[in-house]
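Participant: Sending over a structure as structure tokens; questions will come in a sec.
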Amino acid sequence: MLVDSPPEPRVDTAPAPPNRRALRALGLLVSVALLVLVALAGIAVGARELPLGQVWHGLFHDSGTYADVVVHDRLSRTVLGLLAGTALGLSGAVLQALTRNPLADPGLLGINAGASAAVVTAITYLGVTSLSGYVWFAFLGAALVGALVWLLGGSRGATPVRLALAGMAISAALYGYLQAVMIMDGAALDRMRFWTVGSLASATDTTIRQVLPFFVVGTVLALALARPLNAMAMGDDTARALGAHLNRTRALSMAAATLLCGAATAACGPIVFVGLMVPHAVRSFTGPDLRWILPYAAVLSPVLLLGADIVGRVVARPAEVQVGIVTAVIGGPVFLFLVRRRRTARL
Amino acid sequence: MKTSRTTLRTRGGLSFRLDPRALTVVALLLLIALAASIALIGTGDFSIPPGDVLRTLLEGGDARQEFIVTELRLPRVLVGLLVGGSLGLAGALFQSISRNPLGSPDVLGLGQGSTAGALVVIVLFSGGATQVALGALVGGLVTGLAIYLLAWKQGVHGYRLVLVGIGVSAVVTAVNGYLLTKADIVDATRAVVWMTGSLNGRDWEQVRPLLALWAVLVPLVLGQSRALRVTEMGDDVAYALGVRVERVRLLLMVSAVLLTAGATAAAGPVGFVALTAPQLARRTILPRRRGSAGAAPLGPHLMTSMVMGATLLVVADWASQQLFGADQLPVGVVTGVLGGGYLLWLLVTERRAGRI
């Protein structure tokens with residue numbers, strides 16, 4: 001049998017001492033400053049470097065010069081990275097809290113694969129070509145797989161291994177289907193092979209406008225779930241005694257995670273490990289209180305995603321390495337480290 | 001658990017355990033595999049009736065039939081049998097070592113590793129079939145080694161092995177995706193066909209290395225079957241019974257990785273055979289026990305899993321030819337679809353029994 005002891009609730013509900021709270025608030029401010037810096041760097045760095053003064057000029061006094069066009073182009077890309085990063089980080093944090101599983105990540109749970117399979121179906125069989133068309137399919141696929149993994153992985157007594165396996169198995173089956181479709185349809189292959197790696201390069205203002213409502217609703221929902229999810233971390237019985245609505249919280253959490261992850265996947269393709277890494281890194285200095293984890297994850301995940309995007313643009317200049325690949329290469333070792341740590345394995 | 005096992009004893013103190021049910025299943029599976037092979041040899045643009053196929057194989061026929069049978073279609077069927085057998089055996093080994101019915105080479109990322117090796121050859125060097133096979137072999141072996149080393153921490157435990165495999169597989173998948181975007185569309189199509197797993201155009205070039213691999217590994221692995229069964233009782237019990245757990249595990253994992261890498265090099269990562277064959281084998285051999293939750297042993301029915309894998313792959317290949325026409329869709333698509341359905345069913349039932 002697998003090692004399988006009940007999770008130890010470690011939430012301190014007592015209010016943190018004031019100086020600790022001030023420290024956390026200060027940290028959040030620093031994180032926001034960091035995000036602004038990375039975003040500016042994201043506009044300045046690329047196949048052609050722009051000085052910060054030029055970035056400023058392009059942002060606020062757009063006069064249509066070549067450099068201003070570049071700034072505008074990179075601005076959409078940065079904004080999309082910002083939104084997608086926030087979405088992935090929040091959905092990862094919510095999924096980890098909901099499943100009480102430190103290894104929960106939209107990519108590892110197969111939600112990305114669900115979105116991919118739905119999108120390829122839409123492209124190949126239903127002739128959908130625009131993002132506004134297939135964003136709905138991405139949602140549908142993400143939601144279906146999310147529900148399936150949840151059912152199969154077991155809502156009660158779910159171990160990290162069981163959930164990860166359920167997600168992995170479903171991903172494997174769906175990727176088999178993807179491959180079959182791509183073999184039969186060369187045009188779909190040509191479109192899908194760029195979509196499935198996860199990239200911010202195709203960002204436009206229209207893309208952003210289309211997915212923005214989902215991001216906003218998902219973000220608000222996720223942030224609002226901090227308290228009930230905190231209660232649920234204590235175990236189902238205690239949570240019920242504390243007045244939490246278990247089923248409602250679970251359903252809303254799944255909805256928030258699906259909205260966020262579905263929107264991110266629809267806009268940039270599947271990106272793994274961001275939702276896994278950031279909440280973990282954040283937890284090490286905020287403690288297990290979701291009221292702090294969620295805002296931190298929302299701010300620091302885009303820092304990671306935009307940072308990875310910048311790295312991807314720089315390492316292979318003038319070509320780029322897609323951001324999904326950079327995050328996987330950075331995230332894999334982090335995942336392995338978490339697996340090898342003893343407490344994680346036992347949780 | 002009551003199975004009708006009998007024990008043969010010789011005067012000299014040697015004894016063998018015989019399981020009539022398992023023997024019957026193996027014999028039946030071999031019959032099915034033989035029938036499917038003959039049907040498969042007869043199928044194609046130039047179809048040959050089964051009687052002629054048999055006669056050509058046994059005593060030779062007219063020149064044209066003989067060429068088609070022995071040079072074109074027999075090696076393909078042999079590759080199918082060998083690859084299916086290797087995958088079935090490797091799957092049984094991995095599932096037993098990881099103590100998890102889902103711990104198959106596909107889930108652990110070995111297929112992805114082989115794919116990475118093959119993609120490097122296809123995309124970066126535009127290599128031919130032999131180089132691609134070599135690349136796949138190297139990729140699979142390196143990935144297997146990496147997973148073993150990363151999962152090592154005073155021994156390799158089932159759950160850590162599975163999770164490390166999943167992590168490695170996610171990273172390698174991303175690398176594969178990157179390589180695929182770097183290819184031109186012709187290479188990309190070729191790569192995707194390879195990634196699905198196909199038996200099209202396989203000849204004696206692939207049969208010989210696989211046969212050599214089998215000659216070494218199959219006796220070795222089957223010889224460890226008793227030790228493996230004891231290991232499933234838990235490490236401490238196994239130590240007490242005189243099994244060197246870590247050594248047995250290492251030996252069998254290396255064998256399983258070699259079998260998987262060899263099979264993948266020959267036919268591409270054919271999905272789900274390694275996952276389903278051991279499970280089906282177990283289900284056909286063990287009498288069904290209702291309400292047996294908890295620690296039912298997986299039981300490494302190595303021989304049965306091997307034969308089951310070979311049968312599955314050949315039947316799937318035959319089915320894909322019948323359903324989609326000759327050489328239209330690679331066999332990996334059929335095993336993928338069948339395996340996916342089976343997997344969902346497995347997840348539901350095993351979850352109910354609390355075994356995953």
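Heads up, the Cβ atoms here are built off N, Cα and C, so glycines get one too.
Unlike curated records, TrEMBL annotations are generated automatically.
From TrEMBL, here are the annotated features:
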TRANSMEM  A:25-47  transmembrane segment
TRANSMEM  A:75-95  transmembrane segment
TRANSMEM  A:107-128  transmembrane segment
TRANSMEM  A:134-152  transmembrane segment
TRANSMEM  A:164-184  transmembrane segment
TRANSMEM  A:211-230  transmembrane segment
TRANSMEM  A:251-273  transmembrane segment
TRANSMEM  A:293-311  transmembrane segment
TRANSMEM  A:323-339  transmembrane segment
Participant: Would you mind listing the long-range same-chain contacts of the transmembrane segment (A:211-230), meaning Cβ under 8 Å and 6+ residues beyond its ends?
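Facilitator: Tertiary neighbours of the transmembrane segment (A:211-230) are 11, 13, 83, 86-87, 90-91, 93-94, 97-98, 135, 139, 239, 244-245, 249, 252-253, 255-257, 259-260, 262-264, 266-267, 289-291, 293-295, 298.
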Participant: Please work out which recorded stretch in A:75-95, A:107-128, A:251-273, A:323-339 has the most C-beta pairs separated by under 8 angstroms from the transmembrane segment (A:293-311)?
Facilitator: A:75-95
Participant: Near the transmembrane segment (A:251-273), which same-chain residues lie under 8 Å Cβ to Cβ, leaving out any that are not at least 6 residues past its ends?
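Facilitator: Here the qualifying positions are 80-81, 83-84, 86-88, 90-91, 94-95, 97-98, 105-108, 111-113, 115-116, 119, 131, 134-135, 138-139, 141-143, 146-147, 150, 194-200, 202-203, 207-208, 210-211, 214-215, 217-219, 221-222, 225, 229, 305, 323-324, 327-328, 330-332, 334-335.
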Participant: Going along the chain, which residues at least six beyond the ends of the transmembrane segment (A:107-128) come within the CB cut-off of under 8 Å?
Facilitator: 95, 134, 137-146, 148-149, 153, 163-164, 166-171, 174-175, 177-178, 181-182, 185, 188, 191-192, 195-196, 257-258, 261-262, 265-266, 269-273, 275-276
